[in-house]
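Each remark here refers to the structure printed beneath this line.
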């Protein structure tokens, strides 16, 4: 074991960084943020150079996969410059550089992203129905998202569709969305609603356990458990009838903490060792200190000591959100 590796107190090796480049987004998805979301002052957000230096510091400590997130990462001005800078490390310590996007800005960036060394991306899409999309995101942007997906496919990017399953919202159209995605050659991952941040709607009413979703899909299709792993929380099945792969992320009904290999850093440089925990370490202060390399490494050691064994997500009538911060702040 290399001395520089990031190992937490439960023996888990941290190899995956989810790095938020902005808390801003051009959608207002009801399960993610309120309509009148108060975004961070720009002065508090790390510069692109600081984000690059931060990522390089993590690579020195054994991080081999970096995912750029938001908010919506592609609304950050000149973010493709950051992608290019990090892409130069792919194959030289960094095994994979990827990002998660809502797809609205993707048509104009897909080729540049692919040229920078990104091989696959995740795209958030909860519905193929224009009215439902507008209700969920509070924006009429489905056509832009579908155009972005088409552009990414044309650029040669491998695409995974992330879909939050919501009772009474999109649960009934999940089979059609899977059929469409698999027909286009895209994997799909279904995600349970997570109790993060104050929003304008009741998550209890929307919560749809994926155990129930899987049972309904098994009545329609032949699902075979897959050995496919991406180092993340998703558990995959192969769908015989569609010829595609389907993942399930179940933080509420079946937590995925034992094999956790990741940390998250916000656009302000706050490291959260756990998506569902309040523990954090300030990396921005280390970056802006007189000895950034040494202080950043020390801060990462501190983060390993406070990473909890598991999250404490709960959802139910009268339950407060597990944490007040929004997913757009943490980096989804």
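Glycine too: its Cβ is placed from the backbone N, Cα and C atoms.
In the three-state DSSP classification, residue 160 (GTP binding site) falls within a strand. Remark: residue 160 (GTP binding site) has 120, 121, 122, 123, 186, 187, 188, 189, 247 as non-local neighbours, by Cβ distance under 8 Å and separation of at least 6 in sequence. For 18, 67, 100, 160, 262, 263, 264, the entry in Swiss-Prot reads GTP binding site, with the evidence type sequence analysis.
Annotation comment: Swiss-Prot describes 25, 29, 32 as [4Fe-4S] cluster 1 binding site. Taken residue by residue with DSSP, residue 32 ([4Fe-4S] cluster 1 binding site) is part of neither helix nor strand, so it is coil.
What Swiss-Prot records for 31, 71, 124, 194 is S-adenosyl-L-methionine binding site.
For 257, 260, 274, the entry in Swiss-Prot reads [4Fe-4S] cluster 2 binding site. Around the Cβ of residue 260 ([4Fe-4S] cluster 2 binding site), a 10 Å sphere holds 24 further Cβ atoms from the protein chains shown.
Residues or ranges marked as domain 'Radical SAM core' by Swiss-Prot on the basis of sequence analysis: 9-234.
DSSP gives residue 67 (GTP binding site) a strand state. All protein chains included, residue 18 (GTP binding site) registers 23 other Cβ atoms within 10 Å of its own Cβ. Rounded to a whole value, the Cα-Cα separation of residue 31 (S-adenosyl-L-methionine binding site) and residue 260 ([4Fe-4S] cluster 2 binding site) is 24 Å. DSSP assigns residue 18 (GTP binding site) to a strand.
Residue density at residue 29 ([4Fe-4S] cluster 1 binding site): 19 other Cβ atoms are found within 10 A of its Cβ, drawing on all protein chains shown. Spanning the listed S-adenosyl-L-methionine site, residues 31, 71, 124, 194 have a farthest Cα to Cα distance of 16 Å.
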